[in-house]
Every structure is written in C-alpha cells, then in structure tokens.
Number of protein chains: 2
Amino acid sequence: MSVTAAAGFRASGVTAGLKASGKPDVALVVNDGPSFAGAAVFTTNRCKAHPVVWSEQAAADGRIDAVVLNSGGANCYTGAEGFATVHFTAEHVADLLGTSAGDVVVCSTGLIGEHLDRAKLSAGVSAAVTALAPGGGDAAATAIMTTDTVSKQAVAAREGWTVGGMAKGAGMLAPALATMLVVVTTDALVDAEVADRALRRATSRTFDRIDSDGCMSTNDTVVLMTSGASGVTPDEADFADAVEEVCRGLARQLLADAEGAKHDIAIEVVGAANEADAIEAGRTISRSNLLKCAIFGEDPNWGRVLAALGTTSAAFEPDHVDVSFNGVKVCAAGEPGESRDLVDLSARDVVIRVDLHAGEAEVTTWTNDLTVDYVHENSAYST
Amino acid sequence: MSVTAAAGFRASGVTAGLKASGKPDVALVVNDGPSFAGAAVFTTNRCKAHPVVWSEQAAADGRIDAVVLNSGGANCYTGAEGFATVHFTAEHVADLLGTSAGDVVVCSTGLIGEHLDRAKLSAGVSAAVTALAPGGGDAAATAIMTTDTVSKQAVAAREGWTVGGMAKGAGMLAPALATMLVVVTTDALVDAEVADRALRRATSRTFDRIDSDGCMSTNDTVVLMTSGASGVTPDEADFADAVEEVCRGLARQLLADAEGAKHDIAIEVVGAANEADAIEAGRTISRSNLLKCAIFGEDPNWGRVLAALGTTSAAFEPDHVDVSFNGVKVCAAGEPGESRDLVDLSARDVVIRVDLHAGEAEVTTWTNDLTVDYVHENSAYST
C-alpha cells in the first residue's frame, strides 16, 4: 500500500494520455492531516526541471498538503510555457482539494525538452482527485513508472505508527541528494524540522549511495509528508530509522530494476581514513565503465578497480590495497593474490571489497553492471 | 615510417611470445644522436604501473637514448618482482646499445596484475636490438598494438627537419596528461626544455581532449626524443606546432579506432567564460553514458547534454544555452528549437555544439558513442 500505508493519506493513479503507451501517468498523494509538516530534497543538477523549481519553493515553509506526479514528460527545458504548466497544475490541484497551490508539490518524469499537453494533464488531475482513496497507494506507484519494469513500494510498521513510500526510477541514478521521484508518508506526529532532518539523513545514506550509471537527472525529488494521524510522536532516532528503512528498501528496488542490468554490485570500501574518502573511492569505482563491463562478462578484473581508485584523492598507498570479489582476495597488498578462477560472478549480487588500509571508515555504495541491454534501452529511449 | 621518419633514429618490432596471439609484442626506438634531448609526460593515475615509475626517473634529466615498449602485459600491480623486470629490461637494452639504463624509457601495455615472462621479454629485447633499422617505424608501431585494429602513425615534415610519431590505444582513453603509449621523434636540434614545453603543450591540447570512455590508464606515457640529426634549430613556435600536429594526428587515429565505437563525437563548447569552464563542460558531456548511448542510437537527445552540463561548475544560465547536433539547433535558449527530425546522425562524425553564452572561450573535446560492441569487447578482455 506504500504511500497509503500510514493513516491520514489518500492516493490515486489514473491514465491521462500523456504516455503514448496508454498506461497510467498521473498520480496524486493527499495528506488529510491533522498535521501537514513535510520536507523535501531535490536534485543538485543546475539544469533543474520546472517542477523542481516550483516545488523547492512549495516545500520551503515545511508544509506539504499534496504531491501530484506525472510520467510521460519531464517538463524540463520547456521555457515559460513549461513553468506555466506547473503553476496551472498546482493551482488546479489546490482548487479541487480546497487548499493552497503553495502547499502542492509537483513532480514530472519522462523526456526532456517536450511540452506536456496541458489539457490532458488537467483532465488527468481532475480524474485523479475523483479517484483518491485510502487504498490508492498501489495505483499511485504504478502511475509514476517510466522504464521501470515493476513498481517500487516499501513500508516500515512500528508500534502505533507507520512510514510508507513509493519510488520511480530505473536509470539516470547518480547521487546528488535525490536521484528519482520518491514520496514517503507517515502518520507519526512530528514537526517539519524533525521530518527534514530524518529525510536528509536517510537520503544521504541510501539514495545518495546508489550510482547506477553516473548520470544525474534534472527532476529528482524526494518528498516526506506527515499526517500526525496516529497521534504518536516517536523518539526522533526511531523515527529517523524508520524513514531510512523505507528509503533503503526503495533504493534497493531501484537498483534491482536498473535499466538492462544483470548484476547488482555492492562496493564495500573499508579501511578508509574517513567517510569522505570511502565515499569518493566507492563512487569513482562505481563509475568505471570498464569495470562495469567486466562484471557483465563475469570477469573479476581487479586491475580496473585499482585504475579507478588511482584517480581519487582518497588516502591510500597503492601497494597496501586489497581487493576481493565475492570473498576471494584476488589482489593482496597491491599484488596478485588468490586465483581469479576461484571467483564466481554468475549470481546477480556481486560484492567488491576494497581495503585501503588507511584507517577505520567504511562505506558501501551500489552500482550495476554495464550491459548490452543498457546500451540498447538508452539508445532508443526518446525515439 | 612514423618514429623513423626523422633522421637519427632506428626502430624495430619483434615477436617475443608475450601475447597469446603470437603477434609482435616488443618494440624498440633508438636515438642515434648527435643530440639526446628528450621529454616525457605520464599518467596522473596514482596507481602507476612499474614502467611509469621507472620512466619518470629515466626522463627526469632531459636525456632519452631509447624507448623499449612491450604489449602483452601492463606490468602493473606485480610487486617487487614486476619492478625488477623493468629494471632488468632497461639494463639489458642499455648493455646491448652501450648506453646507460638511466636513459632508457620503458613502456608496457596489456592486462594489469599479471607477471611478464622475463625470459621471453629478455629474448625479445635482444631480437629487437638485432632488428633495429632506419626503416623500422612500421614494425615498431605494429608491435605496440593491443586491441588496436590498425597501427597509428603520423608525420609532420618541415623544411629540413621532421617530426614523426606512433601511438597505441583503443580504450581507456581519458585525459590526464597522456592517455596511451606514444613515441614522437624529431631530428630538429632543440634542447630538453624546448622539447618539454612543446610536448606538454601538445598533449594538453590533443590527447588531453580525448575522452573515449572516462577511464584513465595506469601506464600512459608520451615520449619525445630529439636527435638533432638535421642540424636545424627551428623557431620554437614552429617546432611546437609540428609536435602538436603529430600528436593531433595520432589523437584522431586513437579516437577513430576506439573499442566498439560507431561514432566520433566532437563536442564544441563555445561562449564559455574561460577555457577551464569550456574544458570542464566538454569533458562532463563527453562522459554521459546516456548521451553516448543516444548517439549510438542516432538520437539527438539534447536533454542529456543539458543534464550533464548541469552537473558542472561552468558559468552559464540554463535558459540561455543553445545546443546543436550537426548544425541543427535543437535547443535554443533553453527551449526546444529546430525539429529533432532534421538531424542526421548516420555518419561516423558527429558535432555537438554547445553555446553557453557566458563569454568568448571555445574548446573542442572528442569522445565516442557507447555501443553494444564496446560492452562486448570490454566484458571479455582478460578472459
């Protein structure tokens, strides 16, 4: 039930005709309160889509009444007309719900540089309002899919309160606060500052540590809405843990559904001097096309791990580094270690462990392999 | 004739048996003087191969008598034994030529983390010395090939003096001073400082502006040797231009032979506030896997250009940017411009022009598309 797992929310997903495929393409998630505290994080891409520009302002005051999302078009680089479409959409939602447009977050996903059909979108929004239901989470999660092959939903149930979420994303996954469209809801009674801290911590530890293809989107948005409908105010740490649990669950689902991927690769950087070094090393390794091709070929090519590591500023001595693939230490102290032949990379999950022997910090980042299917999917997306 | 086009050089290429394919794998280029001024630039990867560590020292004094190169193994991450192999090789060359090991540059290319067979290499070096000939440039250029499908050679002939060069490289092309193995020779009479300035300027403007796959090698070396055999000391600017001409010719050949590539893509960033911004923008765009897949699919997906641009720190206003594909301005001032349908990307050469409207600086960088064949080649390289 995802975004409607927590009390105080209704959702819907409808077909507005924005997608050529005729699949659902408009989703709406509404907070019925009694509390309306919310928080959001956005892409750090400087080329932001119009919905992001709008929603940054809408979320700034810590109140979010509703999130309207469309697939079938990113509404990015569409000029003044594109921004007017966002404004119109927020006003339309607000009119129908009897709230303020300034409390409506708008999210779009799809191709950049194409105008959305405002008439279709408007009719879709009206239909979405009509379809709102306390059990509408599944429909909403389905309506935000683009190249996703499955909808992504996660729930963390606690004693008397709940956090639930939905996500869309199957490509352009790269860290920059958010990396996809995500809506998380909770009936816990928390204020906007607590919500903001919890969401920022969760995204930095989950979505920010996925790097499927190194490409950062223009539309990324992660929204957290709180209804307070449970009447329970959890301990802040417990609340943050539940939000992180939902975000982690969604993040793993995004990775598992990455376009064309055959392997999910965890890069465990250990023995780093500090967390920043571990993150830099993990991200850089995760972006090596050559390594990602090798994993597709089920080849434990550790030289490509070291070649990527050598381009970072992380503290390490090249002749101290160990590299293991699925537990086989193929590189020990910068020299050939156990035989490559012992490594089995046939399963989807692959663990590459890199010990820098420079300290105590550890960070795991995730990526996918680079496959023939990735190239096929991304060579034909807009045509 | 490449490295033997200039007077005062002999070269050879022989088969030592380092490559499983039985193809030539040891090359030697010898400077017969009377001058021995030389210069070299190396990878900035912190995980340097042993030959790079050796050669940085060998070239530091501005004298280079010979360059010995092997394919069939990178001799990188091979521990103390690997370094001893480099030392042994330089000593062996020096003994046979009657020079000092400290003036012998050693280059290796191939798989990382595998020991070179020292006995085979030694026999190959002896054979290469025996085979040295004033017309040996072709044989040398062939012996350094790895996944190259053609040998790369270039010559700039001037009035009374000549610059010639050879290169190997077909993957792991990313800027960091050098990005491949390159030997350039000249019979111009110039000192080591002039040679160094000319080589650094040339590499920064040519090899450093190719970024085929964003992956930086551990073994990259570019060497310039001068024999002075022409007796002519050209104007320094003319000399630098000739060196750059040869490097540019080799760089374009590397790009044209990049693994699996179907398109050579020139990214012309114009209207930048300064050269650094233009380089950053060009490199970042050239590393977008999504854009590179789109070009493979012959799709002028300009949204992916802007999404990449938005991750840079270059000065620009998102709603001022123009993007053209092969002369068709598909994005004008941040909005859809001419129809995508007017763009023909069927030819190998593609020009993407990005006008930042932020100044006067212009830089062109080059990359390739990301293809199914790239993935195939790099998923099966070491196995």
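Quick reminder: no glycine exception, Cβ is built from N, Cα and C everywhere.
Model, not experiment: these values are computed from the prediction.
The following features are taken from TrEMBL:
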type	residues	note
BINDING	B:THR146, B:LYS168, B:THR179, B:GLU259, B:ASN378, B:THR383	substrate binding site
ACT_SITE	B:THR179	active site, nucleophile
Among B:THR146, B:ASN378 [binding-site residues], residue with fewest other Cβ within 10 Å: B:THR146
Assigned element (helix, strand, coil) containing B:LYS168 (substrate binding site), judged by DSSP: strand
Other CB atoms within 10 A, centred on B:GLU259 (substrate binding site): 25
Sites among the binding-site residues B:THR146, B:LYS168, B:GLU259, B:ASN378 close to chain A [C-beta, under 8 Å]: B:ASN378
B:ASN378 (substrate binding site) - helix vs strand vs coil (DSSP): helix
